[in-house]
Amino acid sequence: MIRVEDLHRHFGGFHAVDGASLTIETGSITGLIGPNGAGKSTLFNVIAGVLPPTSGRVFMDNEDITGLPPHTLFHKGLLRTFQLAHEFSSMTVRENLMMVPGAQSGETIWKTWLQRGRIWREEAELRRRADEVLDFLTIRHLAHEKAGNLSGGQKKLLELGRTMMVDAKVVFLDEVGAGVNRTLLMTIADAIIRLNRERGYTFCVIEHDMDFIGKLCDPVIVMAEGKVLAQGSAADIMKNEAVIEAYLGTGLKNKDMVGA
Amino acid sequence: MDILNALVAFLNFVFIPAAAYGAQLALGALGVTLIYAILRFSNFAHGDTMAFGTAITILVTWGLQSWGVSLGPLPTALLALPVGIAATAALVLGTDRAVYRFYRAQRAAPIIFVMASVGVMFVMNGLTRLLIGVDEYRFDDGARFIIAVRDFREWSGLAEGLALRSTQALTLVVTVIVCAALFWFLNRTKSGKAMRAYSDNEDLALLSGIDPERVVRLTWIIAAGLATIAGTLYGLDKSFKAFNYFQILLPIFAAAIVGGLGNPVGAIAGGFLVAFSEVAVTYPWVKVAGYLFPGWQPGGLLQLLGTEYKFAVSFVILIVVLLFRPTGLFRGKSV
Amino acid sequence: EEIKMGMSLGFTGPLESMAPGMAAGAEMAMKEVSDSGLLLDGSTIVPVQGDSTCIDAAAATATVERLITAEGVKGIVGGMCSGEAIASLQNVAVPNGVVMISPSATSPALSTIEDQGLFFRTSPSDARQGEVMAEIMMEKGIKTAAVTYTNNDYGKGLADAFAAAFTAKGGTVTVNSAHDDGKADYSAEVAALAAAGGDALVVAGYVDQGGSGVVRAALDTGAFDTFVFPDGMVGQALVDNFGAEIDGSFGQNPAAEGEGREKFLEMAKTAGFDGTSAYSAEAYDAAALMLLSMAAAKSSDPNVWKNNVMDVANAPGEKILPGELAKGLEILNGGGDIDYVGASSIEMVGAGETAGVYREVAFDNGEMTVVGYR
Amino acid sequence: MSDQDAVFGHRGNRDRSVVNPKGRGSIDGTRRSGSVGMGQAGDPFLIGEGMTGGYGKGADILHDCTIAVERGQIAVIVGPNGAGKSTAMKAIFGMLTLRKGSVRLDGRDITALNPQDRVKAGMGFVPQVNNIFPSMTVEENLEMGAYIRGDDIRRTMEQVYELFPAVAAKRRQAAGELSGGQRQQVAVGRALMTQPSVLMLDEPTAGVSPIVMDELFDRIIAIARGGLPVLMVEQNAKQAMMIADKAYVLVQGANAHTGTGHELMQNDEVRRTFLGG
Amino acid sequence: MSSNRQASAASPWRAPILFAALAVLFLLEGTVRNGLFSGSWNTALAILNMGLISAITALGVNMQWGYAGLFNTGVVGFLAIGGLAPVLVSLPPVQGAWDAGGPRLIGALLAGLGTLALAKIVYTRTGRIWAMALVLLAGLVAYRWLFDPAVLAIEANDSARTGNIGGLGLPVLLSWIVGGAFAAAAAWGVGKVALGLRSDYLAIATLGIGEIIVAVLRNENWLARGVMNVTSIPRPVPYEIDLQQNPAFVDFAARWGFGAAEASGIWVKLCYMSLFLVVLLGIILLAELALKSPWGRMMRAIRDNETAAEAMGKDVTARHLQIFVLGSAVIGIAGAMMITLDGLMAPNSYNPLRYTFLIWVMVIVGGSGNNWGSVLGAVLIWFLWIKAEVWGPNLIGALVGPLPEGDIKAHLLGSAPHMRFIAMGLVLLLVLRFAPRGLVPER
Ligand SMILES: Nc1ncnc2c1ncn2[C@@H]1O[C@H](COP(=O)(O)OP(=O)(O)OP(=O)(O)O)[C@@H](O)[C@H]1O
Ligand SMILES: Nc1ncnc2c1ncn2[C@@H]1O[C@H](COP(=O)(O)OP(=O)(O)OP(=O)(O)O)[C@@H](O)[C@H]1O
Ligand SMILES: [Mg+2]
Ligand SMILES: [Mg+2]
C-alpha cells in the first residue's frame with residue numbers, strides 16, 4: 001500500500017529521518033515504535049504531505065505521492081491523526097465530525113444558494129453518521145460541546161473519530177493512545193481490528209503502549225535515530241535485544257521502595 | 001572615471017540619509033516588536049506614544065533652555081529625555097490599567113487588543129495635540145553638523161559634497177546602544193527571560209512563579225522608553241509635528257514585520273531594509289553613473305521608479321522578502 | 001438678527017496646522033462686522049466651525065450638511081482642500097442654495113463646476129502663478145530648474161503650469177516630481193532632485209508640510225542653494241525655519257500692492273494669531289466678502305446675496321482694505337458701491353475666482369523682503 | 001509542537017498572531033490572592049476537600065471530590081477520559097474557582113490564593129498540555145522552572161539532564177522543535193527544577209517511551225521517598241498503581257473508589273472498567 | 001474561557017434590541033435639536049447613507065476575517081479600485097483621448113499581462129529563473145515602448161480639464177458591478193501572490209498592496225486624472241435642483257410641510273438609501289445562505305485550524321483565495337457606491353486610517369463573524385465618527401467652562417477640534433469594554 005524509499009528529512013543539520021525505507025502492506029495493521037525523537041512523527045508528516053522530504057520517495061499503490069499536499073492525499077484515501085490533538089476548537093464536537101467528508105455539495109458556494117434541499121438531505125445523513133461515531137467513542141453526550149472544552153483524552157478520541165467518518169484506504173494514527181483511558185484503548189483496538197477486517201482499511205499505528213501494540217499490530221517496525229532498527233512480529237520485537245536496550249527497558253529499579 | 005566623487009554622491013544622498021532614517025524606523029520598530037512579542041498584539045498607538053513622549057521632552061527642553069541649561073554640542077533634548085520617558089511610561093501604564101488589563105483578565109482575542117489600541121491611538125492623538133498643538137516645532141540645538149557640505153568640499157576639493165548631521169550620527173549611535181542593551185536584557189537577565197517565557201506560554205509562566213503583571217509593567221515601561229527615544233531622535237533630526245507620527249507608523253510596522261515580528265534584531269534589519277529600499281530604488285543613478293563612466297550620456301535619469309512610488313516600492317520589496325522568508329528576515333515568532 | 005456663518009476647514013487631518021490660522025482670519029472679519037453693528041440693522045454674526053478633515057469627502061459632506069441643514073448657516077468659508085470642497089459643494093451647498101467661498105481650494109476643476117453661482121474663491125487659480133514664476137526666474141537668469149510639488153491638485157496643477165510656461169520661455173525642467181505631505185522622510189525625493197540637478201529648486205508645496213521637509217533635506221545635503229517658493233511656501237514660517245540658510249532664494253505670492261496685507265498682519269497680531277500662516281488672509285477676505293455682499297443685497301439669504309459678490313469684489317467703487325469693513329458697510333447701506341480689496345487684493349474674474357496680483361519676495365540676511373509686484 | 005511547527009516554518013507565522021492565538025493563557029493572571037486561613041488538625045500535607053466547581057459559569061464538573069497526599073507518599077488519580085482528573089488538579093492549583101470545598105497545604109488553608117502565590121507557597125505543577133515554553137531553549141525552560149529559586153541551580157539541572165539524557169543532547173534547541181515525548185520530558189524536568197514542597201503531575205508519561213517511563217517512575221519513587229509528596233494523574237494505570245501509596249478513581253467528577261494502589265489492583269471491577277484489564 | 005461565557009450571555013433579542021436602539025439614535029438625530037443631535041433629517045439620512053456603504057465594506061471585511069481569518073489591511077486599496085469603476089463606466093467619453101492613444105494603451109496593457117502569463121509559463125515549463133527574468137525584461141521594454149507615448153498623448157489632450165481616457169457613458173449603476181469585478185480581479189492577483197502568508201505577515205502585505213493601488217490611482221493621470229480628481233460623476237437618482245424646479249415635487253413637499261430645498265435633499269437621500277439597502281440586503285442574504293451551510297462550516301474549520309483542515313481534505317489555499325476574492329468584490333462594490341454617492345473621485349482621500357482601520361473597528365465592534373453585527377457596528381461607528389465632530393468640542397466646552405479665563409482655557413478651547421479624536425477613542429473603548437466580543441457576537 002505505502003512504500004517509503006530511502007527517506008531523509010533534515011532540520012538544519014539535524015537528521016530527524018535518516019534514510020528510512022519501509023513498506024506497509026495492504027490490509028495490514030503495522031505498528032511503528034521507537035524511542036522519543038526517533039523520527040516517527042516526522043516520517044508520518046512527510047508521508048502525509050505536511051513536510052517536504054529532504055530526499056527520498058513515497059509511493060502509494062505504486063503511485064508516487066511524494067510532496068503532494070495533504071488535502072490531495074485525503075482524497076486519495078490517506079488519512080492521519082495528530083500526536084497533539086488538532087481539533088477545531090470553536091466548533092461543536094458533532095460539527096468536527098460532519099465537516100470531514102469531502103465532496104459535500106454544500107461546500108460549493110453557489111450550490112448553497114441554489115440547492116438548499118439537496119444540502120439539507122445530505123446534512124441529515126451526515127448527522128446520522130456522526131452520531132454513530134460518537135456513540136462508538138462514548139462521547140455522544142458531548143455532541144454539542146465545543147471541541148476546545150474537551151478533556152485531553154476526549155480530544156484524542158475525536159481525532160480518531162474523524163478518520164471513521166469516511167471510507168479511507170490507509171489511516172495513520174499518531175499515538176492515539178497517549179492520554180486515553182486503557183479500558184477505552186482496548187475498545188479502540190477492537191474497533192481498529194474491525195475496520196481493518198470489515199472495511200479493509202490499512203493502518204499504521206505509532207504507540208508507546210506495548211499491550212496495545214501487542215494486541216493489534218503485525219508487523220511491528222522499530223525506528224531509532226531516523227532509521228529502521230528492526231522489523232517483525234510483535235512477539236519477536238519484544239524479544240529483540242537491541243529493541244529492549246533502546247526502547248523497552250527492563251522495568252522499574254526502585255520497585256522495592258514501593259508499598260512501604 | 002571618478003570613483004571618489006561617485007562614492008561621495010552615493011554616501012551623501014543615499015547611504016547617510018537612509019541609514020539615519022533606517023535607524024529611526026528601527027527604534028520605532030523595536031517598540032512595536034516588543035509589545036507584539038510579549039503582549040501579543042500590534043500596538044497601533046505606538047506612533048502616538050512616540051508623539052506624546054516627544055511632546056513632553058520638547059516641553060521640558062524648552063524649560064531647560066529658558067533656564068539657560070545646555071549640553072554644549074549635544075542637543076539639550078537629551079537631558080530632557082528621562083523626564084519624557086518617565087511621563088510616557090506613566091501614561092502607558094495608566095492606559096494599561098484602564099484599558100488593556102481588563103481584556104487580559106477577560107482573555108480577549110488579540111484582535112480586540114488591536115482595536116482597543118486603535119481607540120487608545122485616537123485618545124493619545126488628541127491628548128498630544130491638546131498638550132502641544134498641531135504646529136511644527138524644531139527643538140534641536142547644539143552643533144548641527146559633524147561634516148558640513150561646504151567644509152567638506154573645501155577640505156577634499158571634490159565636486160560633490162558630503163554632509164553628516166550630528167542628529168544623524170546621534171541616531172545611529174543611540175540605536176546601536178539601545179539595541180545591544182535590549183538584546184542583552186532579553187537574553188541574559190532573569191527578568192528578560194521571564195518576559196520571553198510569558199510571551200511563549202502565559203499559563204506556564206504563571207505556574208513557574210512569574211508574576212504576569214510585573215512582566216506586563218516592565219514591557220510597557222521599556223516600550224515607553226523606546227518610543228520616547230525614537231520619537232525624540234526623529235523629531236531632532238526632522239522636526240516635531242504631531243501628525244507625522246501617525247504617518248511614520250506604517251513604515252515602522254513594515255520594518256517590524258519584514259524583520260520578523262517579535263525579533264529585536266529583525267526590527268533593526270527591517271528598519272534599514274525599508275529605509276534603503278525607499279531611497280535606493282527611487283534614486284536616479286545618472287549622477288553616479290556620470291562619474292563612473294565619463295562620457296556616457298544616458299537618456300533618462302536612470303531611475304527605476306519615480307519617488308511617487310517610493311512607499312510602494314518598499315512594500316513590494318517587503319512582499320518579495322516575505323514570499324521567500326515568510327516569517328521575516330530573522331525568524332519571527334513562529335510557535 | 002443672529003446670522004450664522006459656517007467654516008468647513010480641515011481642523012484634523014494632514015493640513016490641521018493650517019486650519020486654525022484660517023479660522024482665526026475668518027472669525028476676525030466676522031467679529032469686525034458684528035462689532036460695527038452695521039450689517040442688516042445690527043445683526044450679529046455667529047461663527048460655526050465644522051471639521052472637514054481635508055481628505056475625507058464623506059466626513060466633509062456630513063459636516064457641511066450639518067452646518068446648513070441643522071445650524072442653518074447663511075454662508076460657508078470653505079472647503080479647504082479641493083476634493084472635499086467639490087463633494088460638499090455639489091452634494092450639499094448647491095442643493096440647499098448656500099454660498100461657499102473657499103480661501104484655499106485652487107483646483108482648476110472648480111472653475112468649471114456647475115455651481116449655480118454659489119461658489120467663489122479668494123485664492124487665484126494656479127495657471128497664472130506658473131507664468132509669473134517662470135518670468136521671474138528667467139529674469140534672474142535661471143535656465144534649468146528641478147520642480148517638486150505636493151502631490152495634490154494644487155501642487156500638480158501649479159507644477160504643470162510652471163513647467164509649461166518655463167519651457168515655453170526656453171528654460172529646462174530637469175525633473176518634475178511629487179512629494180507627499182506628512183511623510184516621515186524626504187531623503188529619497190531630495191536624492192532624486194539632486195541627481196537631476198538644476199540651477200534652482202522650485203518647491204510647490206506647503207511651508208508647514210512636506211515643503212519644508214524637502215527644503216531642509218536639500219539644504220543639509222547641499223543639493224541646492226537656490227530655491228523658488230510659490231504661494232504655499234512664502235510666509236514667516238519659512239524665515240523662522242531656515243533663516244539665513246535660504247539667502248539668495250526668492251518667491252512670490254498673491255498680494256495686493258498697497259497696504260492691504262500689512263494692515264491685515266497688524267490686525268492679526270493684535271488679535272493674537274499669526275497672520276502670515278497660509279491662507280489666513282484669504283479666509284479673512286472670504287468671510288468679509290460674504291458679509292459685505294449681504295449688506296449690498298440687504299438680505300442674508302444666500303440665494304439673494306450670491307448675485308452681489310462680484311459687484312462687491314470688483315470696481316467700480318471705493319476701495320476697502322482689511323479693518324475698513326465698517327466703512328464698507330456704511331457705504332453699502334447708503335446705497336453706494338465698493339471695490340473690496342482686502343488682505344489678498346481680491347479681484348474676481350470669470351467664474352468667481354481672483355485674478356491675482358503677485359508680490360515678489362526675496363530672502364536675504366535671514367529676512368524676507370518685498371521686491372515688487374506683478 | 002513539532003508537527004505543527006514544521007508547517008508554520010515554511011508558510012508563515014500563524015500560531016502567535018491575531019489569527020490563532022495559542023500562547024494566550026487561560027488563567028486570569030490579574031486576580032489577586034485572598035487571605036490564608038488556618039488548616040485543620042490531622043490534615044494530610046496537601047488536601048483538596050469536598051471540591052465542587054467548574055469552568056467559568058458552566059456546569060459543575062467536580063462534585064464533592066476529595067484528593068489528598070501525605071508527606072513522602074505518591075497519590076495517583078485514575079479514571080475515564082473526561083472524568084475531571086485534570087480539573088481536580090487545576091482546582092487544587094487554584095486555576096478555577098471552587099464553589100464549595102477548600103484546599104489546604106501544610107496546615108494552612110490556601111483556597112483563596114491565586115496560582116502564582118501557590119507556586120510561591122511551594123507547589124509545583126506540570127499541566128497535561130501546553131506544558132513547555134516552545135520558543136525558548138531546553139535549558140531556558142529548565143531555568144524558568146527555577147525562576148523563584150534564589151540559590152545555585154546547576155546541581156539540579158545536572159540531575160535533570162542525567163534523568164533525561166535525550167533532552168540533555170538538545171539543551172540549546174528550542175523546546176518547540178522537540179518530539180512529543182521529548183517535550184514531555186522537558187515539562188517534567190521543569191517542574192523538578194522548582195524543588196517544590198509538593199509535586200503535581202498531570203499525565204507525565206503520556207507519549208514517552210517505555211524505557212523513559214520506567215526511569216521517570218523510578219525517579220518519582222525516589223523523590224517521594226525523599227519526603228516530597230507527589231500527586232499525579234495517570235492513564236498508564238497498571239504501572240502507576242504499582243507505585244501508588246494512595247489511589248483515587250474519579251468518575252464524573254466524584255470519588256468512586258479510594259484505596260492503596262495494591263488494593264485497587266486487586267479489585268476486579270476497578271481493574272476491568274478503569275485500568276484496562 | 002471567556003468565549004463560552006459571553007456567548008451564553010447573549011440572548012436572541014440582543015441584535016433586534018441593538019438595531020432598535022440604533023434606529024432611535026437616528027430618529028433623535030432627525031428630530032431633536034440639542035448639544036448632542038442636530039435635529040435635521042438631511043443630516044440623519046446623510047449619515048445613514050454613508051453608514052450603509054460602510055456596512056457593505058464591513059461585510060466584505062467580515063467575510064475575509066470573520067469567516068476565514070484573513071487579516072486584510074488593504075481595504076482602502078480595494079475600495080479605491082472599486083471607485084475607479086464609476087469613472088471608467090459612467091463618465092462621458094473624452095473627446096480625442098481615444099484617438100490620441102487608446103489602442104496603443106490597450107496594446108500596452110495586453111502586452112503587460114501577456115508578459116506575466118508568458119513568464120509564468122516559461123518558469124513552470126523550464127524551471128529556470130533567468131529565463132523568466134529574460135521574458136520579464138523583454139516584456140517590460142515592449143510594455144514601456146507602447147505605454148509611455150500613449151500616456152503622454154492622452155495626458156496632453158486638454159490636460160487642464162481632462163487629460164484622461166474618459167469613460168464609456170454607460171449607466172452608473174452598472175459600474176457598481178464593474179467595481180466589484182475590478183476589486184475581485186485585483187484580489188485574485190494579490191491572493192495568488194500573498195495568500196501564502198499568514199496573519200500579520202499577510203496584513204503587512206495587503207497594507208502595502210492597498211498603498212500601491214492608491215499610489216497608482218494618484219499618479220496615473222491618464223486613468224482617472226490622478227490627484228487632479230474627477231468631478232461630476234453621473235448619479236442614479238434625480239438632482240435636487242431639478243426636483244426643486246419641478247412644481248409637482250414642490251407641491252408634494254409642501255403637503256408634507258417641507259420646504260422645497262429640504263424636501264429635495266431628503267428625497268434624493270431616500271432614493272440612495274433604497275438602492276443601498278437593496279444591495280446590502282442582497283449581499284447579506286447570499287452571505288447568510290452560504291454561512292449557514294457546509295460551506296460556512298468548512299470556512300470555520302479552516303479558520304480554527306488550517307493544518308487539520310488540510311489533513312481533512314480541504315484545499316485551504318483555494319478556499320482562502322475564494323473568500324479573499326469574494327470579500328474584496330464586496331468591498332469593491334462599496335467603493336463604487338461611495339464614489340457614486342460623492343459624485344467625486346479624489347484619490348488623495350483614500351487614507352488607510354479612515355478606509356481601513358475605521359472599517360476594521362466597525363467589524364470588531366459589531367462582532368466579527370456575524371453579518372448583522374458588522375452592519376450594526378458599521379452604521380453605529382460611522383454615526384459616532386461623524387457626531388464626534390460636534391460632541392468633542394462640546395465636551396471640552398463643558399469641561400473647561402468652570403476654569404478661570406486665561407491662556408490655558410484659551411489653548412484648550414482652541415484645540416477643541418482635536419477632541420474629535422478623543423471623543424471617538426473614548427467611545428470606541430467604551431463599546432469594546434462593555435461588549436468585548438462585539439455587540440452581536442458570533443453564535
Ligand atoms: N521543526 C523541527 N526543528 C528541529 N528539529 C526538529 C523539528 N521537528 C522535530 N525535530 C527533531 O526531530 C526528531 C524527531 O522528532 P519526531 O517528532 O519525529 O519524534 P518521534 O519519533 O515522533 O518521537 P515521540 O515518540 O517522542 O513523539 C526529534 O529529535 C526532534 O527534536
Ligand atoms: N476549559 C474548559 N471549559 C469547559 N469545560 C471543560 C474545560 N476543560 C474541560 N472541560 C470539561 O470538563 C470535563 C472534565 O475534563 P478534564 O480535563 O478534567 O478530564 P480528565 O479527567 O482530565 O480527562 P482526560 O483523561 O481525558 O485528560 C470534560 O467533560 C470536559 O469536557
Ligand atoms: Mg511523535
Ligand atoms: Mg486530563
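From the backbone N, Cα and C atoms, a Cβ is placed for every residue, glycine too.
According to TrEMBL, the transmembrane segment annotation covers E:43-61 (among others).
As annotated by TrEMBL, transmembrane segment applies to E:68-89 (among others).
Taken from TrEMBL, the feature transmembrane segment covers E:101-122 (among others).
Summarising the annotation, TrEMBL assigns transmembrane segment to E:129-147 (among others).
Under 8 Å from some Cβ of the transmembrane segment (E:167-189) lie the Cβ atoms of residues 77-79, 81-93, 213, 233-236, 275, 279, 321, 324-333, 335-337, 340, all in the same chain and six or more residues away from its ends. Summarising the annotation, TrEMBL assigns transmembrane segment to E:167-189 (among others).
The transmembrane segment feature in TrEMBL is assigned to E:201-218 (among others). Residues 70-78, 80-81, 84, 186, 190, 194-195, 224, 226-227, 347-348, 350, 352, 356 of the same chain lie 6 or more positions beyond the ends of the transmembrane segment (E:201-218) yet place their CB under 8 Å from a CB of it.
Among the features that TrEMBL reports, transmembrane segment is placed at E:266-291 (among others).
The transmembrane segment feature in TrEMBL is assigned to E:323-345 (among others). Tertiary proximity for the transmembrane segment (E:323-345) is limited to same-chain residues at least six positions away from its ends with a CB under 8 Å from its CB atoms, namely 49-50, 53-54, 56-57, 59-64, 67-68, 70, 72, 75, 78-87, 172, 175-184, 186-188, 190-191, 195, 224-225, 229-233, 235-236, 272, 276, 279, 283, 299.
If you look up TrEMBL, you'll see E:357-385 (among others) marked as transmembrane segment. Same-chain neighbours of the transmembrane segment (E:357-385): 15, 18-19, 22, 25-26, 29, 47-48, 50-52, 54-55, 57-59, 61-62, 65-67, 73, 75, 280, 284, 287-288, 291, 424, 427-428, 431-432, 435, 437-443, counting only residues six or more beyond its ends whose CB sits under 8 Å from a CB of the stretch.
TrEMBL lists E:421-440 (among others) with the feature transmembrane segment. Counting same-chain residues at least six beyond the ends of the transmembrane segment (E:421-440), those with a Cβ under 8 angstroms from any Cβ of the stretch are 2-3, 6-7, 10, 14-15, 18, 361, 364-368, 370, 372-373, 376-377, 380-381, 384-385, 388, 391-392, 395.
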Contact yes or no, the transmembrane segment (E:101-122) and the transmembrane segment (E:68-89), 3+ Cβ pairs under 8 Å, gap 6+: no
Remote residues contacting the transmembrane segment (E:43-61) - C-beta distance under 8 A, at least 6 residues beyond either end: 26-27, 29-30, 72, 75, 78-79, 266, 269-270, 272-273, 276-277, 279-280, 283-284, 287, 327-331, 333-335, 337-338, 341, 355, 358-360, 362-363, 366, 371, 374-375, 377-379, 381-383, 386-387
Within-chain partners of the transmembrane segment (E:266-291) [C-beta distance under 8 Å, separation at least 6 from its ends]: 41-42, 45-46, 48-49, 52-53, 55-56, 59, 63, 67, 173, 176, 236-240, 243, 249, 253, 258, 299, 330, 333, 337, 341, 371-372, 375
Same-chain residues near the transmembrane segment (E:129-147), Cβ under 8 Å, at least 6 residues beyond its ends: 104-105, 107-109, 111-112, 114-116, 118-120, 122-123
